[in-house]
Amino acid sequence: MKFVDSASVFVQAGDGGRGCVSFRREKFVPKGGPDGGDGGRGGHVWLETNSHLTTLLDFKYKNKYIAERGVHGQGARKTGKDGVEVVIQVPCGTIVRNAATGEVIADLTEDAQKILIARGGRGGRGNQHFATSTHQAPRHAEPGQKGEEFTLDLELKLMADVGLVGFPNAGKSTLISVVSAARPKIADYPFTTLVPNLGIVRYDDYKSFVMADIPGIIEGAAEGRGLGLQFLRHIERTKVLAILIAVDSPDIEAEYQTILGELEKFSATLLQKPRIVVITKMDVTDEPLALQLAGEQTPIFAISAVAGQGLKELKDALWRIIVAERAVPTNQVPQGGE
C-alpha cells in the first residue's frame with residue numbers, strides 16, 4: 001500500500017430544508033390556518049479516527065465529502081427529515097487544519113475519536129410559525145440555512161513509542177523486521193526504505209510497544225537532501241529515539257553528531273526526548289565494542305539483529321523508558337537523553 005501522509009479535503013455540510021407554506025384543508029374546515037412544517041436539518045460532517053488506518057491514501061482518490069441536505073417541510077405540520085450525516089475515517093495521529101487560515105482545528109491522537117467538522121444548516125421554519133392575531137394567513141416561510149463548508153489540510157504524524165533514526169544502511173529495517181511482524185524491504189544499498197514502517201514489538205507475554213522505522217538521514221537532510229527530512233515529523237510523537245549506527249561506520253562519533261545536528265535543525269524538541277544509541281551489525285566483527293561518546297551519558301547497546309545478539313537487553317531498556325514516559329503528564333516537557 002502506498003504511504004501518503006498529507007492531503008487536502010473539501011467538506012460541505014448539508015443545507016437545511018426549506019420551510020413549507022401550507023394551509024389546513026379539511027371537509028368541514030374551509031378556512032383552516034397555516035400548517036406548513038419545518039425543513040429538516042442538513043447533515044453534519046464528522047471526522048473519526050480508525051486505528052486500522054495508517055495512511056491518508058484514500059483522500060488521493062476521493063477528496064470531496066458532501067452531506068445530504070435536509071428534506072423540505074410539508075403540510076399538516078410535517079417536519080422534513082434531517083439530512084444523512086457523513087463520517088470521514090482518518091488514521092490516529094492526523095492533524096486537521098483549516099486550509100484558508102492555517103488554524104489547527106484538531107489533533108486526533110486517540111482511536112475512535114470523533115469531532116464535528118462542518119455543521120449542517122438549520123431547517124427553515126414553516127408558515128405556521130408566522131401567524132399572528134392580525135396576520136392569520138402568512139404566505140411565507142423560511143429557507144433553510146446553508147451548511148458549513150471548508151477545505152481541510154490533513155497531516156499525518158504516525159503514533160509510535162520508539163523512533164528508529166540513522167544513516168541509510170544502519171540496519172533499521174532489519175531490526176524492525178526481526179523484533180516485530182513488520183516486513184520492510186531490505187537490501188544492501190542506500191535508501192531501501194522509502195516510506196516509514198510501523199511494527200508492534202511484543203515480548204514477555206504482556207509487554208508491547210510500537211516502533212517506527214523512517215528513511216535514512218544523511219548530512220544536509222534539514223536542507224532537503226535525501227529522504228529523511230520528509231518523514232522526520234513521524235518521530236515527533238515518539239517517546240524515545242533509538243539512534244542506529246553500524247559498527248563498520250568509518251567514524252561512529254562523527255556519524256552520531258551529524259544525526260543529532262540534523263534532528264536539531266528540524267526541531268530542537270527532538271533532542272529533548274530520551275534517546276539511546278544502538279550499534280548494529282555486531283556479527284560482522286570479532287572485536288568487543290569499546291565506545292564512549294564524547295560528553296555523553298546516553299546508553300549504548302551493541303546488537304546483531306541477524307544473530308539475535310543483544311535484542312533482549314535492547315527491548316528491556318526501551319520498555320523501561322516507554323513506561324516512564326507514559327507516566328509523564330502530557331503538559332510536562334520530558335527531559336533529554338543526557
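Any Cβ shown, glycine's included, is placed from N, Cα and C.
Annotated in Swiss-Prot:
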BINDING   166-173, 191-195, 213-216, 280-283, 304-306  GTP binding site
BINDING   S173, T193  Mg(2+) binding site
DOMAIN    1-159  domain 'Obg'
DOMAIN    160-323  domain 'OBG-type G'
REGION    123-145  region 'Disordered'
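Recorded features from Swiss-Prot, shown on the structure.
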residue: G166; record: GTP binding site; DSSP (3 states): strand
residue: K172; record: GTP binding site; DSSP (3 states): helix
residue: P215; record: GTP binding site; DSSP (3 states): coil
residue: K281; record: GTP binding site; DSSP (3 states): coil
residue: S304; record: GTP binding site; DSSP (3 states): strand
Arithmetic mean of per-residue pLDDT over the domain 'Obg' (1-159): 93
Per-state residue totals over the region 'Disordered' (123-145) - DSSP helix, strand, coil: 4 helix, 0 strand, 19 coil
For the binding-site residues K172, K281, the one whose C-beta sees the most other C-beta atoms within 10 angstroms: K172
Those residues of the chain, 6+ apart, with a Cβ under 8 Å from that of G166 (GTP binding site): K172, G216, I217, I243, L244, I245, I259
C-alpha spacing of S173 (Mg(2+) binding site) relative to P215 (GTP binding site), in angstrom: 9
Protein Cβ atoms within 10 Å of N169 (GTP binding site), excluding its own: 23
Sparsest Cβ surroundings (other CB atoms within 10 Å) among the binding-site residues S173, S304: S304
